[in-house]
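First comes the structure, then the notes that go with it.
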Amino acid sequence: MTKTAFGFPLKHSHIKTKLAASLGGGAETTTTITSMKFSVKTWSNGKARTGLLQLGNCPSPIETPSLLLSTRKGLPLFISPDLLPSLPLPDSYLLQFSPLHFLEGLSTKTIAAIGGLHQMLGLHDYVYAAVLRDPIQCLPECDASNKFGASFETPCGRVLVKPADYMDMIASMKPNIWASLADEVPAWVSSKRNRTSVDRTVKWLDECIALGSAKAAGGALFGAIVGGSNIEERKRCAQEAAIRNVSGYWIGGFGLGESMDERPALLNAVTVSFKLTRVLFKNTDYFECFIFKAKGEWLFYCVRLEIHAACWMNRVVTVVCIVGSEVMIEVRDAGCQDSLQEEKPRLVCGLELPEEVLQGVAAGIDLFDSSKDATPIVQNCVCYTCQNHTKAYINHLLNVHEMLAQTLLEIHNTHHFLGFFRSIREAIKEGRFDLFRQMFVQHRREQLAAVAVCA
Amino acid sequence: MALRFEVLGRFNRARAARLTLPHHVCQTPLFMPVGTQGTIKGLTTSQLEDIGCQIILGNTYHLALRPTSELIDDLGGLHKFMNWPRALLTDSGGFQMVSLLHLADITEEGVTFQSPVDGKPMLLTPEESIQIQNRIGADIIMALDDVVKTTITGPRIEEAMYRTLRWIDRCIAAHKRPNEQNLFGIVQGGLDPVLRDICVRGLVDRNLPGYAIGGLAGGEDKDSFWRVVAQCTAALPEDKPRYVMGVGYPLDIVVCSALGADMYDCVYPTRTARFGTALVPEGVLKLKHKAMAEDTRPIDPTCACMVCKKYTRAYIHSLVTKDAMGSQLLSYHNLYYMLQLSRNLHFSIIEGRFPEFVCDFLQKMFPEGDVPEWVCNAMEVAGINISPCCALLSSSRQYFSSQGEKEFEAEKLSCQGEKEVEDEKLSSQGEIEFEAEKLSSQGEKEVEDEKLSSQGEIEFEAEKLSSQGEIEFGAEKLSSQGEKEF
Ligand SMILES: [Zn+2]
Ligand SMILES: [Zn+2]
């Protein structure tokens, strides 16, 4: 496989500039809202994509698809701040937290007095993303949510969070990224309840936007998208979010009872509600591009670059990117609106197993909120744990219930999951994501079968 | 003998030394954190190196049960097993059998106990203890002694002392690695100066690499405690390290160092961290107290540790007794505090400003000048003039109670054999932590009880107050006589 040049410096920068101007920022687009920048770099097999996420306080850009490390009160469960840098950087700069964690003992006033989360945690280079739902401790309780706010089961009991409460939290904690308040419902609710959840989520998005500017909350707002297991509601919510002033999208309502099989359709409904095909041309002279339709695929011919926005058989054709001799164009149904603008990052909540992450990546998701995968200690692992300790020692710590076992395992598992995301990115860059996914899923299946036989 | 002990500086009886062990060159006075099961409360070995930990104590009894000394031996010894490049010390295992297991019985042969694995009677002889410790491979190993509570009197104390002397010869004979491991003998004899004297002389005759003062920190009164330490340190050889087992609180360490002791071990800093208590120059800071929720200062503004540099009391307050990270961070600070105390003792002695250091230490801990009498007595024997930090109690007491709110900020450590019973529930993962190290190597008994309801904290604490008559304010309820102890 040849490695694409996308993501490398452009050789024909003047052409890029010209293109960007004529496309209204279509090529190599970046979004600058607050201090977050995001740009999509490569696509593979349809919608899987890599990108670069940049945040003002973070020393280096972070490549996506990427994992947000889950935290408890801003720190990983067992990894103290001096051990955090032992995880691969910059991959481990992204941290996710639930503002609800701080109901246990800290007022928003005190957090504001300390100067926000980065200051309070002493992690100035790290990126904090605020999402109320935390899969372990703060679960949405849809029966108790009402038109005023969303309800959660937390270690402090059940709490109802109204947009104003939530924005107080955001204004005091000052996260880099925050998702708007959502009314998340499980897959089995009635279609009426599901519709209500979309209505409320959209309404709360407006309220969060208004309150956010009133309270000078700052940070990049990710518009919440819900809709349960109804494709039309998902589309509706996505389109509502897309037309608002948001920096990215937070896709909720997953991991709440929907089946693995129905998920791709739901994810696709959100990320693209139109038919989109991206075609990557390698080793072509971009003045004479050919797009083929073979075996049901597109065939398109353009003699000159000027037809970058041409119409062909009722399809809109857009030149997305040109680097050296590689050309990428986008073909989509005419009249369809881009429901989630391509250049904005998409963060999903509730996809935790590696197989689920791969579903998300295939649908064009960029950021994932947590991981549930425990990887056995293997040979050749380069993580802090495996470099410093033997399997025998870790087994001993587990046997005697020592906390260090949890610390070492969290480091190892996080290291591995970050590595998994790195291989996903490599596969996308090399244009072989589908193959990678197939191989990975098959390998996992064999592994799990082997474990089952042993047990 | 596999150690070198070079005294670098003295102030009267106090000394600062360089203790060269097979795996590390240590500075004394030396605090040794307790790593019962081959680890210290969630801290990695690199973190322990970061905070200046020089030597860790491992408990033979626990390690012999799991993962077993044979496995540790197969894997190249405890240093390799836990990846700790610096020094290690193991205790004999006897104390923990006696204190943890109700059915332990001591005979001339050894300690008979019921196996916690299969309930069968087992025998730990001095030979067996040394053999196990030889397999574990620590830099310092401890002789098996006949442990009795210091509060016991009568012929049992005498019997135990003589038995300890008989057993030391069996330990010496059984010791197979004298060139790699240092066998320390333990001075017993309860609170009886005559018995202590016989024991010290008997052990000194054996010319061991180092000596420990055992049988203390078991609830005896503080005056008896320091007098035993003073007697033993005076009689032990100048050129050998002296280790006071199971001690102790910061104040105890300062006093014992003034009296000429060199080494200490105690689970207190890490255990108390689990219940949300930080060690500070003023005494202790209870971070679970509600007032901490709005306190944006570091735990100890004068502390240079990672936790104090990064975190506010308010943030730690939100973690303690709820999240594992709370005890991780507090253990880090508390150990740093103890190790910094060791360093301060070492350098103040070397730099000839030990009395100033002691006065400064006492002034911070007893700002009203109410230094306990036993400390004053011990310092007199140590030849340290602490009169500048002692004051008339009547006037300062008045001032003190008018400053009521200061109480919960920094409560003074009770130095009177405080007995606390704690029981902890970790909420974060529904994990109930099994606390095998209920007892430290030499007798500290601490039991605390704490119940957290999910809807708010219902706190009940039973603490026995010191004879100083400390008054505790705030939400804590206390039983005036400590009769509600478990
Ligand atoms: Zn590893
Ligand atoms: Zn500190």
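Residue numbers in this text run from 1 along the chain shown.
Cβ coordinates are placed from backbone N, Cα and C, and glycine is handled just like the others.
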Figure out which of A:His401, A:His412, A:His443 sits with A:Cys381, A:Cys383, A:Cys386 in the Zn(2+) site per TrEMBL.
A:His412
For the domain 'tRNA-guanine(15) transglycosylase-like' (A:372-444), residues assigned helix / strand / coil by DSSP:
53 helix, 0 strand, 20 coil
Rank the binding-site residues A:Cys381, A:Cys383, A:Cys386 by how many other Cβ atoms lie within 10 Å of each Cβ and give me the one with the fewest.
A:Cys381
Which of these binding-site residues (A:Cys381, A:Cys383, A:Cys386, A:His412) have a C-beta closer than 6 Å to some atom of ligand 2?
none
Number of other Cβ atoms within 10 Å of the Cβ of A:His412 (Zn(2+) binding site) across all protein chains:
22
Apart from A:Cys381, A:Cys383, A:Cys386, A:His412, which residues in this chain have a Cβ no more than 8 Å from the mean position of the Cβ atoms of those residues at the Zn(2+) site?
A:Ile377, A:Val378, A:Val382, A:Tyr384, A:Thr385, A:Gln387, A:Ile411, A:His415, A:His416
